[in-house]
């Protein structure tokens with residue numbers, strides 16, 4: 001829909017762009033290739049590469065000339081703001097960018113899901129070994145495998161070395177069995193204590209699929225980045241070489257932060273307890289995330305995947321339109337690292353960062369609506385809509401009669417309380433907060449349903 005809307009806008013405003021005339025001198029600034037004057041000063045070998053790049057531009061410009069709107073600018077001694085052929089190429093680039101973004105997101109989701117599904121046998125082992133009866137064992141915190149991996153060791157108590165350990169751990173064993181077991185228990189203890197056999201893996205996969213619908217989209221602010229990056233593609237700046245490192249650095253920062261959240265959970269338990277009755281339990285909290293908002297991680301992953309797709313889409317667009325030897329393509333020493341970085345981003349995000357995101361973001365204060373089965377979600381939303389209608393009718397009706405009816409039917413009041421909680425769930429979904437419900441509001445109702 002967004003792709004079609006942008007194409008429609010370009011078509012609608014095509015006449016306006018053709019009637020907008022600018023001085024020819026304005027077109028010699030911020031070019032991706034050398035100007036004609038600089039071209040004449042090059043050696044024949046260097047000039048051949050730049051000629052291959054500007055030849056396509058010259059041909060397209062000649063093809064666009066001759067129309068009445070172009071002749072209108074020529075009579076003034078000026079040129080159109082954007083030629084018809086340039087608009088056509090812009091349509092093609094937007095299409096390639098959208099296709100590349102969807103393909104990269106799907107590929108990331110598939111590879112990441114394969115990694116996450118490997119944790120299913122851990123869930124099955126926990127479900128089989130779960131027993132409600134029997135004496136509870138005493139767990140010595142500092143002997144726990146989870147604590148030893150994240151809290152104990154040479155220098156891990158210092159902040160700098162703790163971050164360094166989190167940075168390195170994302171490249172090997174980003175999520176271990178002890179990590180999964182401990183965080184799963186912390187989630188169940190906090191949000192659904194009455195259901196110790198809650199299928200955490202299934203809930204995590206449902207939440208990841210819901211987030212995928214947001215990641216695969218292309219938001220308006222991402223198009224602003226595209227426009228800025230294309231304008232900064234100036235000869236000699238090697239812009240696309242430098243910006244290819246932006247998603248890599250962001251990806252490393254996100255992976256390090258997610259690993260550090262696990263480390264913080266371990267350190268928090270180690271500082272408060274020396275021994276606990278039963279299994280080790282962590283305390284999920286939004287305070288462990290940037291600005292207390294776990295959703296920021298999702299936005300960053302969204303930007304990383306889009307920026308990586310933009311790099312690859314731009315490469316193939318220039319390759320098919322102007323050729324490999326085009327000056328717009330830049331030199332080979334700058335092209336190869338961009339492609340290598342793109343491949344590294346794709347693999348690291350699929351096999352490390354995305355699985356980390358899937359489990360660590362469940363360690364926030366709130367849980368997502370995917371904790372309910374689909375039919376329960378529909379029932380809650382249905383109750384919410386009925387509650388809103390009844391509230392509107394009650395406000396329009398006689399207030400005293402409504403108060404009497406409420407006092408004479410306590411069961412109806414209980415139903416309205418349940419509907420009020422469902423309304424909070426629906427409003428959270430509409431408010432863009434990741435459809436999160438307060439654990440305090442829904443703890444007694446949601447998981448029991």
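Quick reminder: no glycine exception, Cβ is built from N, Cα and C everywhere.
Per TrEMBL, the stretch carrying the note transmembrane segment among 164-182, 183-201, 240-258 is 240-258. Looking at the stretches 56-79, 128-151, 272-295, 296-319, the one that TrEMBL records under the feature transmembrane segment is 296-319.
From the options 404-426, 427-449, the stretch TrEMBL describes as region 'Disordered' is 427-449.
Looking at 24-45, 90-111, the range annotated in TrEMBL as transmembrane segment turns out to be 90-111. Recorded stretches compared: 90-111, 240-258, 339-360; the one with the most Cβ pairs under 8 Å to the transmembrane segment (296-319) is 90-111.
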